Amino acid sequence: MITVRQRRVGKSTDTAENQPPEEKNVKPDGKILSDHAGGKLWNRVSITVGGIIAISLGLLTSVYVATLHENDLWFSNIKEVEREISFRTECGLYYSYYKQMIQAASIQQGLHGLVYDNKTESVRTINILERMNVYQEVFLSILYRILPIQQYLEPVYFYIYTLFGLQAVYVIALYVTSWLLSGTWLSGLLAACWYITNRVDTTRVEFTIPLRENWALPFFAVQIAAITYLLRPRLQPVQERMTFTAVFIATFLFSLTWQFNQFMMLIQALALFILDCFDMLPTAKVTWLYIIQIAGLMLVCVLQFFNSMILGSLLISFNASVLIARTIQKNLKKGGLLNRLGKLILHVLLVLCLTLLINKFIKKILNLESDEHIFKFLKAKFGFGATRDFDANLYLCEEAFGLLPLNTFSRLSDTLLFYVYVFVLFLMAVAAVIVAFRNLSGSNQVEFMGKMEEFTVTLKPDAAYNLIHTVLFGCLALSTMRMKYLWTSHMCVFASFGLCSTEVWKLILKGVHLYTSQRAHVIKYSIPIITLLYISYKFWPGIMDELSELREFYDPDTVELMNWIKSNSPNTAVFAGSMQLLAGVKLCTGRTLTNHPHYEDKNLRERTKQIYQIYAKRSPEEVYGILRSFGTDYVILEDSICYERRHSRGCRLRDLLDIANGHIMDGLGENEPDLKPSLYPRFCEEIKKDLPSYTLRFTRVFQNKTFHVYKLAKHK
C-alpha cells in the first residue's frame with residue numbers, strides 16, 4: 001500500500017490529476033468535454049516536444065564528447081599504436097579483449113581464447129569471462145563482425161562511438177527522471193544543461209573511454225528513471241509489469257558491465273529499506289525491487305561462470321535478510337509512535353545480524369577472499385586502525401579514493417547547481433522528516449491533517465526515493481572521489497526537479513503566506529528559464545572555445561617501447577612491470593603479462609606485490625627468483641616509479657613496499673619504531689650501475705628517457 005498521503009485539494013485548481021465531477025461531463029453544451037479534449041491534445045504536444053528535446057540533447061552530448069576526444073588527441077590522424085596507448089591503465093586491458101575477439105579466426109575461437117586465457121597472467125590459465133566484466137566487449141566484437149560495416153568503419157571507431165552513443169542514453173535517462181519528478185520537460189532540459197556544463201565533474205568518458213563505469217552508469221540512470229516511474233501512484237497493472245521489466249533489464253545490464261555493481265546496488269537497497277521502514281514507499285513494490293536486484297545479480301553470476309565474489313556479495317545477504325526479517329516481524333507497521341519505534345529498532349538489528357551471519361556463512365562455504373582488500377581499505381580509511389597492508393595502502397594513497405576535493409563545490413557553484421541543490425535538499429529533507437514522523441505516529445495522523453489541512457506537508461514516493469538516493473550517494477562521493485560521478489549526475493536531476501516542482505514552490509509560498517496557484521506556476525517556470533539563460537550566457541562561449549581548441553597525442557617514449565617489444569621480443573615472451581604499463585603492453589603487442597590492473601583477485605594481488613619488489617630494497621638474487629617463478633623473460637623498470645615525486649613521502653610506491661617489508665623509508669621524516677634498515681639498496685636504482693651481481697642475471701636490452709628493459713638470464 002502507498003502510505004505517503006497525497007495532498008487533498010480544496011478550492012485551488014492547480015492540480016491536473018483530479019478528474020472533473022462526473023455530472024459536469026454530461027452538460028448539453030459540451031464545454032467541459034471540449035476542455036478535456038483540449039487538455040489531452042496539449043499533453044500530447046508537450047510530450048512530443050519534450051521527447052524531441054530529450055533525444056536532441058542526448059545526441060548533442062554524444063557529439064560533444066566525441067569532438068572533445070578527437071580534438072584532444074587528434075585521434076583520426078595518429079598511428080594505431082598511439083591510439084591504443086591512449087587507452088591508459090585498465091582501459092587498455094579491457095579494450096585488448098575486444099581487439100582479441102576481432103582478430104580471432106572465428107567467434108568460437110575468440111570465445112575459447114577468453115575462457116582459457118594464458119596470456120593475461122603468466123604460468124596460469126584463467127577464465128576472462130568469469131574474472132572480468134567484459135561481456136560488452138564480446139557483444140560489440142561479435143556485432144562488428146556480423147554487420148556489413150568493416151569497409152566503412154575501423155574497429156576502434158565502432159567501439160568508441162558506441163561508448164559516446166551511450167552518453168546519449170545517459171542524458172536522456174537523466175532528462176526523463178527529472179521530467180517525471182517535476183511534471184514538466186523544462187526540468188529535464190535544465191538537468192541536461194547542468195550535466196553538460198558541469199562535464200568535468202559529471203563524466204570522464206572522453207579520456208577514459210573503456211572504463212567500466214562508462215558502460216554501466218547509463219544503464220543505472222535508466223534504472224533510476226524506471227524506478228521513479230514505478231513509484232508513481234495509480235499505475236495500471238500493464239504499466240507496472242512493463243516498468244518492472246524495464247527495471248530488471250536495466251539492473252541486469254548495469255550489473256553485467258561493472259564489477260562494483262554490487263556495492264552501488266547495496267546503497268540503493270539501503271535507500272529502499274530506510275524508506276520502507278518509515279512507511280514512505282509501497283511495500284509490495286519495494287519487495288519486488290529487492291527480488292529484481294537479486295535476480296539480476298544472480299543472472300550475471302551464471303553468465304560469469306558462478307563468480308564467487310558475486311555469490312558472497314553483501315547485497316544478496318542484505319536483501320535476503322530483509323525478506324526473512326519481514327516474515328518474522330509481520331506487524332511491523334502497526335501501533336503507536338513508541339511501539340513502532342521499538343519494533344523498528346529491533347527490525348534494523350535483526351536485518352543487520354542476519355546480513356552478517358548469511359554473508360559470513362557464504363564466504364566460509366566458498367572460501368571467498370576476493371573482496372577482502374576492499375574491506376581492509378574501508379577499515380583503514382574510516383580510522384579503525386592503521387594498516388601496513390600493501391593493497392589497502394595502495395588504495396588509500398590514490399587521490400581517486402580520497403575525500404572529495406573542496407574545489408569540486410566551487411566548480412559546481414559556478415553553474416548555480418550546488419546552490420540550488422542544497423536549497424532543494426534542505427526543503428525536501430525537512431518534508432521527509434515531517435512525513436516520516438507523521439507516518440510513525442499512525443493514529444494521530446488523520447486528526448493532525450484535519451486540523452492543519454492547508455499546512456500539510458506531503459512527499460510523493462518517487463520524490464522520497466530520489467531524496468534518499470541522492471543523500472546516500474552524496475555520502476559515498478564525499479568519502480571517495482572516484483564515486484562522485486554517481487552523485488553529481490543525479491545532483492543535476494534533483495536540483496532541476498526542485499526548481500521546477502509545483503509542490504516545492506507551494507511549500508515555500510505557503511510558509512511565507514504568499515501562496516496562490518497562479519504565483520506558484522509563474523515561479524515554477526520563470527526561475528528555471530532565468531537559470532537556463534544565465535547558464536547559456538556564461539558558459540556557451542567557453543564551450544565554443546573548448547571545441548575549437550586542438551591538441552595532439554604525444555608520448556614518444558611509450559610508443560618507442562611498444563615498437564621495440566613488437567620487433568625485438570618473441571611472441572611468447574613474458575613481461576613484468578607495473579600493472580598500469582603492462583595493460584598497454586598486452587593491448588599493443590599481445591605479449592604475456594605477469595600481472596595487470598584488474599585487482600579483484602587475491603592471487604593476483606599477492607603476485608603484484610611480489611612483482612613490485614623490483615622497486616623495493618631487495619637483493620638481485622631475491623628479485624630474480626621472484627620474477628623467474630612467474631616465468632618472466634623481460635622486466636620493465638620505470639623512472640617515474642623508481643624516483644617518484646607525485647606522491648608525498650609515505651605514499652610513494654617504494655615507501656609502501658618498504659613499510660610492507662618492514663624497512664625504513666627513504667628521505668627525511670619519521671619512521672615507525674619497529675622499521676629497520678634494509679641490508680640491500682633499492683633494486684631499481686642499483687641495477688643501473690651494472691654491478692656483476694646484477695649483470696649475471698639481468699641484461700639491459702632497451703633504454704630511453706622513461707623506460708629500462710632488462711632480459712633475465714635463463715640459468716637457475
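Backbone N, Cα and C atoms are what each Cβ position is placed from, and that goes for glycine too.
The model shown is predicted, which means the values in this text are computed figures rather than measured ones.
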TrEMBL annotation (transmembrane segment) - matching range among 188-210, 487-509: 487-509
Transmembrane segment range according to TrEMBL, out of 461-480, 521-540: 521-540
Stated TrEMBL location of transmembrane segment, expressed as one of 312-329, 384-401: 312-329
